[in-house]
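According to TrEMBL:
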- 12-34: transmembrane segment (TRANSMEM)
- 24-420: domain 'Ammonium transporter AmtB-like' (DOMAIN)
- 54-76: transmembrane segment (TRANSMEM)
- 88-108: transmembrane segment (TRANSMEM)
- 120-139: transmembrane segment (TRANSMEM)
- 146-165: transmembrane segment (TRANSMEM)
- 214-234: transmembrane segment (TRANSMEM)
- 246-266: transmembrane segment (TRANSMEM)
- 299-319: transmembrane segment (TRANSMEM)
- 340-358: transmembrane segment (TRANSMEM)
- 397-418: transmembrane segment (TRANSMEM)
- 443-464: region 'Disordered' (REGION)
Amino acid sequence: MAAPPPTCPRRLLPLSLGLFQGALLLFFAIFVTYDEPSVRAEDANLVANQLYGIFPLFQDIQVMLVVGLGLLLTFLPLYGLSAIAHNFLLLNFSTQWALVLQGLLHHFHHGQVHLDLHNLLTAEFAAVTVLISVGAVLGRTSPCQLLVVATCEVPIYLASEWAIVTRLGVLDVGGTITIHVFSCYFGLGVSKALFGAARQPVHPKETPTPRSDLLSLVGTLILWVFWPSFVAVLCQPGDAQHRAILNTLLAMSASAVTTVVASSLLERDGKLSPGHLQNGSLAGGVAIGAVADMAVPPVAALALGSLSAVACVLGFRFLTPLLARKLALQDQCGIHNLHGLPGILGAAASAVAILVASEDTSGSRFSQVSPVGGNASEAVGGRWGDRGAGRQALCQAAGLAVAIGGSLLAGLLAGAALRLPCLARPPEQLCFDDSLYFNIQDQAESPGPGSTAEEEALALKERV
């Protein structure tokens, strides 16, 4: 019998989280305050209208991240509790960490950080990148390693988003480039550096069961329903936000139908793959983000949704096995198929949409709010037409290159840090198992109090 897992990470997790939360309490006590309420009645009404406009969308995003994404990760039959709990922990840790960094960088005035709902929303966008990235190494990493990923990724995301949106003036209101592409290649970089050139063998606990696939599909449905809020929340209220919602719904509807078609055609017996349905149905929402508020025709949204679904399904069927075989690249949740490939398609579509658009459709119809503050169209002179459609299209391509190259390099460095001895990975036989991190109370045959974590995991496996 193999030796039990090292105990250092178990002590390190509560210690590091406790120190982090204590430091955050001190930081908030000294520096953080809420925005001052307006003294004028008309200003107060304006603030109230803005709050009522953004808060329902903010709630939708909360449901997406806490419930939808958590359930989507439960396709691993013995790791569902850990997947949901770690997703919830990373969301809260990363959001608080992003609030500190964003506050110091963008909202620090007269010795204080001014906090409002918009700041919290953009901090959660930073947390989204972490939740996506860790999908590449889900089940084979400890909670301490996941927290290190979050600690490294959030500041790098903020720097990347500033360079792409503020400096290059890239139009990406739905986070196709800044969130999905960035987080995908950061996660793949972490995976490659952590696992090296050794190809990870198929683990017996990796195979989904009908029950775990059903729970994961429920998560897909929740994400599918609320995804338009994620894309439209930072759009300018009015026509741009209306367009973003419609385009997102059309793209996701097309991706859902196309996923069924593509998955069925790829199987000899014509049956559907649950994994294809769980991911391909969301691919349209990833791809549409870069063009959601642009004046593209409805057929373009439908076409982009269909293309992204085909790319996602083909990626799962052919590209993921090829990368595992040729590059020994571990991608547990297939984030390259759901976020990487559709994200690249969306970035390319944004460049094409800009090139084919006439000068009459430029201007405010293409403006967006930058997550780090300010208006992206103001950063490029108020209208992308002022810099030329060709130049703006090149900026879209440059933003994609920065997102891929910067995130991949940063992910490799972060993954190398995860190989420190104090951040030991769980033993291979205990990967993908809740019993390594949780007390399972409803066991039919409870092991004795002196049992090791490995014995508990093996007992659980026998009962399942």
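Placed from the backbone N, Cα and C atoms, the Cβ positions cover glycine too.
TrEMBL entries are annotated by machine, without manual review.
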Of 12-34, 54-76, 88-108, 120-139, 246-266, whichever stretch has the most CB pairs under 8 A to the transmembrane segment (299-319): 246-266
Region pair the transmembrane segment (214-234) / the transmembrane segment (54-76), three or more CB pairs under 8 Å: yes
Stretch in 12-34, 54-76, 146-165, 246-266, 397-418 most in contact with the transmembrane segment (88-108), if contact is a CB pair under 8 A: 146-165
Same-chain residues at least 6 beyond the ends of the transmembrane segment (120-139) whose Cβ lies under 8 Å from its Cβ atoms: 54, 58, 61-62, 65, 69, 73, 76, 79, 82-83, 86-87, 90-91, 94-96, 98-99, 102, 145-146, 149-150, 153-154, 157-158, 175, 179-180, 182-184, 186-188, 190-191, 194-195, 203, 205-206, 233-234, 330-335, 339, 371-372, 411, 431-432
Confidence summary (mean pLDDT) of the domain 'Ammonium transporter AmtB-like' (24-420): 90
